[in-house]
């Protein structure tokens, strides 16, 4: 494969096998030079964006972003996660768990927002990390996130078949057919999931503005269904269920499992908020990034938090927490109630709309991540191309759409679900670290070690707290160790705050209460990472190994070629001028 450079006839490490083998011998020197080489905001906004040929049209406003944020977050997961967290961990206090998780999501969203306002490009977290920690950390996190998107989208599209069956009273087995000679877990062929993925791929290839309109329509229907379910829960529910279990031997009260149950529940339901990060990848298509992005991102998280809390209260009123079905809490609550069985079908229809909206937003996001990774040359630049008629990344959208459809065709839902979540939380963690680094490390030749040392110490302390929370037996010793870890973490932040001044204060929009806001986000993401299961870490290790190999055998050489051909290195740009003139 020959890598095309921005200069015709430029040097390529892939022009022949002999040249490539010679390039491989130079891997150590290229790695030391390129792995932590940082881009600049002006470079991302000008030279690299020009790689795509055409520019994406700036057609989105704040209400489009709110719609995309809500559509990306409020998927089918909330219909399952709420019941499981309530039954196993929090009981009626699941509403407090959702409020805590919403606050966590908002803090992380603030970090994304500051970057998106000052760097309104389609790369999202990939670009933010690339301008702070360098090329390899950015590729490592961005590629993991793209894989998570693909896996989760395949899983979500297969769950669409299940919820559609619930809505029409048809068994899922009748929508799929089994191929006996394929291994178990990969032998149920789901053509409906494939058709859904391909249909959405066509929509997102045609126009971002039209995709936003489609999302708005589906999101409106979905919210209407959610409000309906909330109202039905309040009408049929009983406030006594907020404090009394069905069986006397089970803990009672609004907080039956105490503070530990509330926080464990928050760790589980936080995954229901994942999806707002895709909105940051739309920044390059926003008319007024300075005003629209903060309102769009923060507003969508706030609205979703209110909806989730109301759903939690509604569910807790429907049944005592110890009778809630952890797999299908809302539909199961109405199933078997005389005259209320039809609500189960409404839940299935509402969840189906939620799946479609979350799938649409996620597929928009994954294509834009891939597009900007292509601009950086660490994957073939073919992915970076913007179609001249649609102004969308058609190549990236089509490739990832077909890849997602292929996985959705035959891979079992449970297998796919074991492969997602960790990459997204890891990227949230990296973005919060990148924001602190960008604020406190001066641009140009400097010594970043005070900030890097602080980030390392704080992450280690947060990890120690998480391990104590998860592994230590209950008792006074555990409470003492948790308290000591918290005091140490707060002391580390205080020392850093008073000894290291901010070097780069934002001129347009900034996260308040630095460095406390991103530090809380770092801590919470580490805490949530500690709640994930072993298969998630196995997947992370496997794909991380593949990503490292791709970078060593392709990415570092392609980016070295681009640098040699003059594709990188814009020293001065008019980023602020462009933003204020949008």
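Going from the start of the chain as shown, residues are counted 1 onward.
Using the three backbone atoms N, Cα and C, a Cβ is placed for every residue, glycine included.
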Transmembrane segment according to TrEMBL, located in which of 297-319, 320-342: 297-319
Remote residues contacting the transmembrane segment (512-530) - C-beta distance under 8 A, at least 6 residues beyond either end: 104, 107-108, 110-111, 267, 270, 422, 425-426, 428-429, 432-433, 435-436, 439-440, 455, 458-459, 462-463, 465-467, 469-470, 489, 493, 496-497, 502
DSSP-derived helix, strand and coil totals, residue by residue, for the domain 'Cationic amino acid transporter C-terminal' (509-559): 40 helix, 0 strand, 11 coil
Proximity verdict for the transmembrane segment (94-115) and the transmembrane segment (536-554), three or more C-beta pairs under 8 Å: no
Stretch of maximal Cβ-Cβ contact with the transmembrane segment (536-554) [cut-off: under 8 Å; candidates 127-147, 214-235, 297-319]: 127-147
Residues from the same chain, set at least six apart from the ends of the transmembrane segment (62-82), whose C-beta lies under 8 A from its own: 94, 98, 156, 159-160, 163, 212, 215-216, 218-219, 222-223, 226, 268-269, 271-276, 278-279, 282, 286, 291-293, 295-297, 299-301, 303-304, 307-308, 311-312, 315, 326-331, 347, 351-352, 354-355, 357-362, 364-365
Residues of the parent chain within Cβ reach of the transmembrane segment (127-147), under 8 Å, 6 or more residues beyond its termini: 31, 34-41, 44, 112, 115, 119, 121, 366, 369-370, 372-373, 376, 378, 400, 423-424, 426-427, 430-431, 433-435, 437-438, 540, 543-544, 547-548, 550-551, 555-556, 559
